[in-house]
Structures are given as structure tokens and as C-alpha cells.
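Worksheet: the structure to be examined is printed underneath.
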Amino acid sequence: MSELSIYSEQGGEPVFSTLDSARIQHELSLRGIAFDRCASKAEIALDADQADILSTYAEEIHRIQALGDYPTVDAIRMKPDHPDRQALRQKFLSEHTHAEDEVRLFVEGRGLFCLHIKSEVLQVTCETNDWISVPAGTRHWFDMGEKPYFCAIRFFNNPNGWVANFTNDPIAERFSKLRD
């Protein structure tokens, strides 16, 4: 289930938490973050490749592309046995920004986006059928968990794909990670 928890940037207990997707959408929109749910699709086959995944979600991809300038789309799929899972997790766990929006449609599993906005940290657990759009320049990090299980369609306006500018702020170390 999707979840939003809002913390002071100092850490500690959340000052707000909800599992209600309408409240999640509202609270995020107040902070310039787009969040929505897409219609459910059939489960993705274990042997599905990127082309199969993108074809299955073509309608949603076109709808999201129409919301912004996202000509490049790909799919990333992580499973607990992925050989590079620990290295990739560590890379995404460091606070960073992008020169472009970070837009993700989760089509399988879940992941945790942590958004550092002003004096707050918002932890958004995204589940299957959630999409989130984090505006360019937003300080954030992402946790896929120790045993990652997710597939997300990624939307880019930069043909080079995922390009991070790391802040070197250790803030992510003060906050909880995705619970497996």
C-alpha cells in the first residue's frame, strides 16, 4: 500500500503519516510533487523484457508523456537476485538532484522516494500502479531495499537518461530505509 510520512529534516518521529492515496496526492501537490494511481494491469511475466513492459503500458506512457517533455522512456526491473543490487542501492541512497524531472511509474513491486523539501523530508512508498513526478532541482534519494523487487517505467527529457548531481549532504543517513 502506498504511504506518505512527513518528518522534520532533523529526523525523529513523523509529524504526519497516511496510507490514503487521495491525502498522499494532496500533501505532495502542496509541495509541487505530482502523484497519481494508474489502472491495474495484468501481472508482468517473469521473462518480460523492456519492450514487453513498455508495450503493456503504452497507454499510460503516452498519457504521462503528454504531461511534460519526456521523449525518452525505459524500464528498470530489480529483483532480489540482481547481481548489482547493492551497488545500485548505495548509489541511489545518497541525496542528489537532477536537472530534469524524475518521473516514475511503478508497474511492479515498490520503492521509497525520500524528498528533502525546505525543512521537511517526505518519505513516499510507491507501490504498483503509482506514478510520481519529482521536479528538477528537488533534493531527494531513493531506496529499493536490501531485497529489491520493483519494475518502474522511467521518463526522461534528457536522452542520456539518469544523471545525478550529488549534494554530499549525509541527511539520508538520519532516516529509515525501505522495510523489506
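Heads up, the Cβ atoms here are built off N, Cα and C, so glycines get one too.
Under the heading site 'May play a role in metal incorporation in vivo', Swiss-Prot lists Glu95. In the three-state DSSP reading, Glu95 (site 'May play a role in metal incorporation in vivo') counts as coil. For Glu95 (site 'May play a role in metal incorporation in vivo'), the same-chain residues 6+ apart in sequence whose C-beta sits under 8 angstroms from its C-beta are His116, Arg139, His140, Trp141, Phe166, Thr167, Asp169, Pro170, Ile171, Ala172.
The Fe(2+) binding site annotation in Swiss-Prot covers His96, His98, Glu102, His140 and rests on sequence analysis. The number of other CB atoms found within 10 A of the CB of His140 (Fe(2+) binding site), across every protein chain shown, is 23.
Marked as Ni(2+) binding site by Swiss-Prot on the basis of sequence analysis: His96, His98, Glu102, His140.
In this structure, Asp101 (site 'May play a role in transmitting local conformational changes') belongs to neither helix nor strand by DSSP; it is coil. Asp101 (site 'May play a role in transmitting local conformational changes') counts 20 other C-beta atoms within 10 Å of its own C-beta, drawing on all protein chains shown. The annotation site 'May play a role in transmitting local conformational changes' is assigned in Swiss-Prot to Asp101 on the grounds of sequence analysis.
Look at Swiss-Prot and you will find Arg104 tagged as site 'Important to generate the dianion', backed by sequence analysis.
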Same-chain neighbours of the Ni(2+) site, Cβ within 8 Å of the mean position of the Cβ atoms of His96, His98, Glu102, His140 and not counting those residues, run in sequence order as Thr97, Val134, Thr138, Arg139, Trp141, Phe142, Ala164
A correct count of other C-beta atoms within 10 Å of the C-beta of Arg104 (site 'Important to generate the dianion') gives 21
